[in-house]
Amino acid sequence: MAAAPGAGGQGGGGMDAVLLDDIIRRLLEVRTARPGKQVQLSESEIRQLCTVSREIFLSQPNLLELEAPIKICGDIHGQYSDLLRLFEYGGFPPEANYLFLGDYVDRGKQSLETICLLLAYKIKYPENFFLLRGNHECASINRIYGFYDECKRRFNVRLWKVFTDCFNCLPVAALIDDKILCMHGGLSPDLTHLDEIKSLPRPTDVPDTGLLCDLLWSDPGKDVQGWGMNDRGVSYTFGADKVSEFLEKHDLDLICRAHQVVEDGYEFFADRQLVTIFSAPNYCGEFDNAGAMMSVDETLMCSFQILKPAERKGKFMASNKM
């Protein structure tokens, strides 16, 4: 399979382009198989995905500055067959530009396939495919919620540690055309200027408090004014007043975040000044939520593509919703 222009040199920097294409081919082969079919890459292939993508993350800013058109996806949580459906619907890279808002691993059954495909696309299309850090891209969290166990069962703990080194270098926010600010969690009382995001150190673990913690953990709160307690026991909740204040101060139009299951896959807050996007339908098999992806066109108009929750045991359908 011939590599796309630029994939060999630029995209495959530090990784053999033929090998990279073969890894992507194997990961996509299961599209036609039963959902849940595993793809067994070798340990050495996965290590390469981690180390090469890590260098790319570090070479790009911690606050990514991106341009529309772009498609934005929320939490995936190891639901690999749903990730493949998102791409089938939005177009497989490089057909569309993508920004993912974090939480690739844990809870679902196929965290390894999920993160490997995302890292492979990052290496192949470094200027068109972007990944932010979620609160689950952190050793103390994914040690508990499934990723560690999956790595240990299918490979070994050493490989989990290689992923940790990679996750510690993920960028934490993105700004689209200077108007849409994206992160996994939300706002922080410690965020007064966007440059503060740029100067957060990497590699780094996620601390228990402070700006980085809040960007990955905070939530909007319907009955909150200002800053409130967060039921998660980490970070804060913030009211609609804080959203309006922040947008006005920084001349922004919208905050786009993930981090919470929402029934329709997307949900507005603060008079459409903030949107939550969640891309794992039937989350954990326990919710009947839809998944969504937000498309931002050149004029910054946002529309939503919905992955409906499956009929029990059935395939699920897609519908386009404004």
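Each residue, glycine too, has its Cβ placed from N, Cα and C.
When the candidates HIS250, HIS259 are compared with the Mn(2+) 2 site entry in Swiss-Prot, which names ASP103, ASN135, HIS184, the shared residue is HIS259.
Cα of ASP103 (Mn(2+) 1 binding site) to Cα of HIS136 (active site, proton donor): a span of 5 Å. Shown in sequence order, LEU101, GLY102, ASP103, LEU132, ARG133, GLY134, ASN135, VAL172, LEU215, LEU216, ARG257, ALA258, HIS259 are the residues of the chain, 6+ apart in sequence, with a C-beta less than 8 angstroms from the C-beta of HIS184 (Mn(2+) 2 binding site). Here the CA atom of HIS77 (Mn(2+) 1 binding site) lies 9 Å from the CA atom of HIS136 (active site, proton donor). Classification of HIS259 (Mn(2+) 2 binding site) by DSSP places it in coil, neither helical nor stranded.
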